[in-house]
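Asks: Take this structure, written in structure tokens, and hold onto it; I'll ask about it next.
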Amino acid sequence: MKTLLLTLVVVTIVCLDFGYTIVCYKRHASDSQTTTCLSGICYKKITRGSSRPEMGCGCPQSSRGVKVDCCMRDKCNG
């Protein structure tokens, strides 16, 4: 019985992922995929004149002609 309880606790910890990571879209140029972000923050960066946004982990600063949206949920930068 103790072994079963211990197994359930381990499975729960693995499934809940207590590391506070989130999944973000990651895109540079034409390829798009997901990645696990340890920072817990995703971003979408849109540069004026560019047809596709850049996406990834973290939250870079915006600048003139560049709009950056940061968020903290799974796949929120899509």
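For all residues, glycine too, the Cβ spot is worked out from N, Cα and C.
What you are looking at is a predicted structure, and each value in this text was computed from that prediction instead of being measured.
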Asks: Per Swiss-Prot, which of Cys15, Cys37 is disulfide-bonded to Cys57?
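Replies: That record, Swiss-Prot, gives the partner as Cys37.
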Asks: Whole-number Å only: compute the distance from the Cα of Cys76 (disulfide bond) to the Cα of Cys24 (disulfide bond).
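Replies: Distance (Cα to Cα, whole Å): 7 Å.
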Asks: Go through the disulfide-bonded residues Cys24, Cys37, Cys42, Cys57 and tell me which ones have a CA within 10 A of the CA of Cys70 (disulfide bond).
Replies: Cys42, Cys57
Asks: Would you identify which of the disulfide-bonded residues Cys24, Cys37, Cys59, Cys70, Cys71 has the most other C-beta atoms lying within 10 angstroms of its C-beta?
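Replies: When each Cβ's neighbours within 10 Å are tallied, Cys24 leads.
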Asks: For the disulfide-bonded residues listed here, Cys42, Cys76, which shows the highest count of neighbouring CB atoms within 10 A?
Replies: Cys42
